[in-house]
Amino acid sequence: MEQPVDPMSTRPTGVGATNEGYVSMETDVKEIRAAVDKLERNQTELMVQLAKKRGLSIAFEGGDENAERGNWTGKLDFFLSCLGCAVGLGNVWRFPYLCYKNGGGAFLIPFLAFLVFSGTPIFMMELSLGQFTSCGPLRCWEFAPGLRGMGVSMVLVSALVAIYYNVLMAWSIWYLFASFTSVLPWSYCGSWSSQVCSSRLSTVNSSCNHLPDVYIDNQTGINGTCWLEKNGTRSLFGIYDVELANSVNYTARSESIEFLNYVSLQDKLGSISNLGPLRWDMSLCLALAWILVCLSLIKGIKSSGKVVYFTALFPYVVMFILLVRGLTLPGASEGVWFLLRPQMHKLREATVWKDAAVQIFYSLSTGGGGLITLASYNRFRTDVVRDTMAVVVSDFFTSILSGVVVFSFLGFLANETGIDLDKVVDSGVSLAFIVYPQVVTKLPVSPLWAILFFLMLVTLGLDSQFTMVETLITAVQDQWPQARKYKALLIISASTVMFLIGLSMCTPGGPELLTIFDDYSGSWNVMALSVLECLAVAWIYGARRFANDIGVMTGPLVCGCVPWRLTKWWWILCWGLISPAFLAVIMVYSWVDFAPSQYAGRELPTWSQAVGWLMTSSVLIIGAIVSARVVWRLRRTPRLLLRPTAFWGPALPQFRQAVAAEGYAKDFCVDPPTTIDKAATNASIDRSSAAGTVRPAIVPQLYETMVYPL
């Protein structure tokens, strides 16, 4: 009697069912499945090779190419994530000031030079490294396992920067909520202000109301007057209360400065030596910032890849709205010309070139492992050259756009107040939370413009924060793959820890502590890591071989029509010589030109500077310790520690076969071990042997997992 068969199993079921013949049936099914899998791999590889010959790329529909790690849902997800990572707060509040300070239009010459010769090649190298290996910064060093500590340092940098970066977002959120009112609270001097708040002056000239700096002087012969010095000439701007003048003798401050000092940040009420009490309102804003990050990353790149459609594009909508409004204001043309007028003599100053290099470095977000992380979720055949050029060009024009927007408003402010434009220009926190809030108080429907501006700052910060937190989470998952099923818990745990650390900056002395984090957590160490990264890829692994790896991913044509076999030599030259040389020179000059950290014009205590240097050096020291531990546990000679392991290369078999088929890597292992077999995992590849030939390692390997132990 024929027995019914469970459609989900080969085991017979029903009354009288037995196990007779089950073993052979199970074996047959396994063999059939293995044959089908092999056939599918061969078909995929055939399609890939055919597409490569025709200069095409294959997109795998209906699921992730890499089922274990996952991939971006679409190409636009990756592009917008990279754009959001590169375009951040620095484009809005740092580039315009540097452009004005360093010669206007002339500053674009060194800026473009460093963008072409240093920034773009390193950006491309990091994207390629992540995409080729499908690994984050902790696992992508299989080409030289002795350098694995560099990946640990990158992850630490991302974690440190993420801590204080979300505090900046909390400030923006605080100002955003404060803008939902009919009258902006920083447009007048309330009971919270000091006696030198400018609108406390009783004026006869409206231009005396909102000056950022009004000199109070009773020694001019005319008692109770408001004066300003311009081009060596003193001008009378108004009259203030004589009784007030007799009680104070300070420089008057604008309402926006007073509001920042005594209400929003309350930095006049504390210092880094005495942080003061925790502020519940700012703490809640910080908690909200971390909640937004958690919700966006809770499903990894699948969720963040959709959120960036808003967070990466909304800032451009706001910038174009502000651009149209700013250019229609009186004095806007003078402000834009002040920004872009070329002062060629400035190019003779070394500081101009240093500022250009540093701005490029931080603008593109290289050296922190974020780009490697984002690219590790790409499909293998993604045109990484095209994406690099698209993001870099977009980042450059975003900087120009934000500069025009900012200076059109600053020109309007100078026109309204009657003071020179160079006296209202500032950068960083001052531009975002003092100058611009002061500008919008002079516009009709001022709360609307304030809401748009601070919402733009929040979305700009979120994009960068996504990348930094994802870098940390990806590193943990790559090291311990079993943690992938607990991703939500990982994100919540990491965010909670960083939130608790960030609470120390939600105090009156917090802004000074944030300054130390900003100056030291991701500065010198990131430059050093970028130089080491260039040397590792170009000189230890080989720039030419790395270019060939990229060619396997992109095919013969990049950007749709450019032959890779010709253009790759430009990238090889930059990786091997130009980029590391540029970075090394700038790093040395920055050390020579070093100035202690300052906040609000005053130098921070020496002990806090020492803490900053400890933060910088500890990132590199921990990385060096990890590398030393890898060396000790593997007990290999230096030559073997700086050569590819059996696990170096693409994650999927069909792409490993594609690399081997090119024939440029004789020591490449096509089929690395997939079980924890100490004899097998202890294998290294003999460079003199044919591709895929494995010989036993000289010394015992201590693999507990398929990755190098930390």
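Each Cβ is built from the backbone N, Cα and C atoms, and glycine gets one as well.
Per TrEMBL, the candidate among Ser187, Ser191, Ser363 that belongs to the Na(+) site alongside Gly84, Ala86, Val87, Asn91, Leu460, Asp463, Ser464 is Ser363. For the ranges 22-49, 330-357, 498-525, the feature annotated in TrEMBL as coiled coil maps to 22-49. In this chain, the transmembrane segment (612-632) lies apart from the transmembrane segment (356-377): fewer than three C-beta pairs between them fall below 8 angstroms, excluding pairs fewer than 6 positions apart. Cβ neighbours within 10 Å of Gly84 (Na(+) binding site), excluding its own Cβ and spanning all shown chains: 28. Contact between the transmembrane segment (569-592) and the transmembrane segment (107-129) is supported by 3 or more Cβ pairs under 8 Å, counting only residues 6 or more apart in sequence.
In the three-state DSSP reading, Cys197 (disulfide bond) counts as strand. Within the same chain, the transmembrane segment (78-95) stays apart from the transmembrane segment (488-510): fewer than three Cβ pairs sit under 8 Å, each pair at least 6 residues apart. Listed stretches 107-129, 356-377, 389-414, 488-510, 522-543 were compared with the transmembrane segment (448-476); the greatest number of C-beta pairs under 8 angstroms is found for 356-377. Within 10 Å of its Cβ, the residue among the recorded positions Val87, Cys189, Leu460 with the fewest other Cβ atoms is Cys189. Scored by C-beta pairs under 8 angstroms, the transmembrane segment (488-510) has its highest count with 150-177, from the stretches 107-129, 150-177, 307-327.
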